[in-house]
Amino acid sequence: MGSPSPADQVSRRAQVLAGHLRGLQTSTEPSLSPSPCLQYSPPELASPPPDFNLSDMRKLMDGHNLQDRDWLFGLMIQSKLFNPRVAGGRVFVSPDYSQSMEQQREMTMKRIHYLLDCGVFQEWLTGRGPEVEMRKFALHEVIGMYDHSLAVKLGVHYFLWGGAIQFFGTKRHHDKWLRDTENYVIKGCFAMTELGHGSNVRGIETVTTYDSKTGEFVINSPCESAQKYWIGGAANHATHTIVFSQLNINGKSEGVHAFIAQIRDTDGNICPNVRVADCGHKIGLNGVDNGRIWFDNVRIPRENLLNSVADVSPDGQYLSAIKDPDQRFAAFLAPLTSGRVTIASSAVYSSKMSLAIAIRYSLTRRAFSLTPNQPEVLLLDYPSHQRRLLPLLAKTYAMSFAANYLKMIYVKRTPESNKTIHVVSSAFKAILTWHNMRTLQECREACGGQGLKTENRIGHMKGEYDVQSTFEGDNNVLMQQVSKALLAEYIAVQKRNRPFKGLGLEHLNKSCPDVPSQLTSSTLRSSQFQTDIFCLRERDLLIRFAAEISQLQAQGLSREYALLQSYQLAEDLGRAFSDRAILQTFLDAEAAVSSGPLKSVLSLLRSMHVLIILEEDASFLRYGYLSPDNAAAIRKEVTILCSELRPHALALVSSFGIPDAFLSPIAFNWIDANSWSSVQP
Amino acid sequence: MAPPGSTNGDGEQVLVEENLFLRTLILNRPRQLNALSFQMVSKLLELFVAYEDDCNVKLVILKGNGRAFCAGGDVATVVHDINGGDWRLGAKFFWKEFILNYVMATYSKPQVFAMPETALGLFPDVGASYFLSRLPGFFGEYVGLTGARLDGAEMLACGLATHFVPSARLSLLEAALCKLDSGAPATISSILDEYSQQPHLKENSAHHKLAIINRCFSRRTIEEIISTLEREAVNSADNWISATIQSLQKASPTSLKISLRSIREGRLQDVGQCLTREYRMVCHVLQGEVSKDFFEGCRAILLDKDKNPKWEPSRLEQINESMVEQYFSKVDDEEWEDLKLPAKFTFSASSLAKL
């Protein structure tokens, strides 16, 4: 006989499968026995009991407002509006993404009204102080875990429209709009981006003039590229918008200013001289009605100029306390900072969801036996699978601390901390959202075909979250701003001959750290080495970057052109700054934990987080901070860390505090969830 | 305490009837309305664990002797024990009771609970924060915070009971179940269907108030729940609202705060986690560090019967976040440990209770 017949193959396969179940006793059973073949075994059985306290870890991860988060999770689970579905005997909530774009948008609005009625948005605009802001962040994060569209639609209304009124408006605007906005009496949107101008806000083409005869501003879109684009809420629901526009007074352009314009009446009819069109179907976020707006000499009252930075008197004189147009413009971008804070933390929660699902699945799904008649191997027992998921888990822990730090400095902001917040929020927004997209892709692949099903969330989330690397500041542009800010700091220190202060750059005042040439396991795991190697890279790249710029300038290039030419160093430097800053937030969080199993597992995670960066970022070898021998030692240590983290994997994702209903069927009994009986009426 | 299975003046507190694949367990303390003593809890636990492994047992019926099914845990005795000495005696009772609850909640074999004159169904008596939080909308918050009593029709309507069998037909049902040779839930369910009927919700049933209950009891804090009810009362002449506000105002403020948090946490947890948390809470209640309202309540309702408890702290605003937090923390005592659930039941039947 040649190759085994299909029948032989089937019977051998049946034996192997049966062997997984009942060991050797199966040989006496008839081969056509109706007994089930593979049995679902929960991830808890494939993991030792957690050796640290899960709720303590969750407190550390979520950082704040745990009861408020649980309350909101409960509000969503208890309402039919959140589309509860049963699979494998469990209830899962997530939107029905197979609905049409229009249906999804209507559902988003209905969910908003339900949450509004439950009091979720109380004090979001009328409240003041860090406590209120932290609660708002926590609740917004939880909403994003249900559906990114819901979070974005709310973010536009409360953080962008509401934030613009808070930050650019004065008392008359606050009194008139904040309470009505909080209660959704009016629905706001935020028209900044145009077809022709996104990141370059100063180049927008919408023009506003002042008519002193009537005391009105006149807003106009002079050309097609001036149409407002991607305006969330504009296509269907918004009644009002913030309009960013050039302000022309007596023939002189005073730069970009923000105005309030009504675009719909209370019945939803579009206002005269306003044209609105839909942006159409998107790769994600179809629950958000992104639209386009043209203004055909729309007239608004003079009081609708948001005048905290500049004003126009009734007789048409331009008045501003800030004379420098650059500074004036910077003041206008302030609300985007809060957007970057929420995006950064929502990216971390998205990573947590995908890792919780993929790791739970990897502890229940088996593939291939090492020897015949032996049980197949659990996915997470493959060292290669560990290497794919566990470093991302460690990084997500690090980024969770980073996001908590960012929120904290944001809510405690002072005029002095504005620059730090701008730089840190730019860096973290970019790094955390890039990390999320990478994590989603890896988790999707790690779940195989199951990752492609919308009900399993991960694959679908790629489309939903992709936008994060673009909106509220393109990641690449943000990272350029980070390296530019570092360069400016460096030049100022050199010029004024003073020490570095702020942005965590104080380490440059000390002598260059000394990294040992031989890296043992204990060196690699020490926080001293980890800090040193990150500081060394940041210091060296900053000096190189400054030297290259000044060299190019010496050759006659303008500073701006020199910056463009040095983009490679700029990118490396931006990463170096972010990695060092994120590690610092990890070390600070770790320092606040008293010794014990929880602290030990945190230190494992920190080492994994650092070593994986050392392994993956080419700059360490490129600039010689590490030798090829060092790189080999690091690579080896990573595999050891993988095996040490493997027993903690389940406990680490359980500590994310994501309710079961927010995960997906493959995170639980996926055999029951896919059984024939589950599709019977 | 007495070893399991020993007798007292009432004779055996748990009677057992064996019939083919069926075991009928009868709570036998009719004078105490079958309130569960330590002895009964121990005996039930022992029986349930044994039946789980016994392939000759396919169905378990639990019923009460006399006019009541079960008045719950024998709290009066617990309080009496604690007043006489040590809170740990109380903790020991709840430890056993909670483990019994867990075993029953995750039981792999069908159980039928007979509650004469109320309802009959397939439901487990597990931690309240588990089953209340799983009622529709925010009915669980309403029941848990106001202590509203549910009749059979209401229990069926809100999903707490699966079947309603009029008491006159209970013995017929029991006879039918005795003849059963299979423990298949579908078979049992069809027999139950045969004997059950659809009771009518009373006109003034709280179940008709679901819309307003959801509006008010979904709010974030107990203070907001009360103020939302008060706003509703302004626009309505409904006595139900004022009665509900009154019952919240009469309740122990500390109890309201910890109950709300417990239900909300319970909504996201499995039954094992719920019981573990509730055991912590009950130990703190027995220790009485933050508030001694439990003893005051028992004095006013069960012992002195003056129905006029003096709560301390007396007002919601006197209870801060850290006082509430204390109830959810580990108990600071050398001998104390968290509830240890039997590992056998932890994953075998999945820790999904059958509600």
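Quick reminder: no glycine exception, Cβ is built from N, Cα and C everywhere.
Automated prediction, rather than curation, is the source of TrEMBL annotations.
When the ranges A:20-48, A:194-222 are checked against TrEMBL, the one recorded as region 'Disordered' is A:20-48. Averaged over the domain 'Acyl-CoA oxidase C-alpha1' (A:336-487), the predicted model has a pLDDT of 96. Taking a C-beta cut-off of under 8 Å and a sequence gap of six or more, A:Glu472 (active site, proton acceptor) has these contacts in its own chain: A:Leu336, A:Gly339, A:Arg340, A:Ile343, A:Lys429. According to DSSP, A:Thr193 (FAD binding site) sits in a coil region rather than a helix or strand. In the three-state DSSP scheme, A:Gly232 (FAD binding site) is classed as strand. For the binding-site residues A:Thr193, A:Gly232, the greatest number of Cβ atoms within 10 Å around a candidate Cβ is found at A:Gly232. Helix first, then strand, then coil: DSSP counts for the domain 'Acyl-CoA oxidase C-terminal' (A:531-663) stand at 110 helix, 0 strand, 23 coil. Following the DSSP three-state reduction, the secondary structure of A:Glu472 (active site, proton acceptor) is coil.
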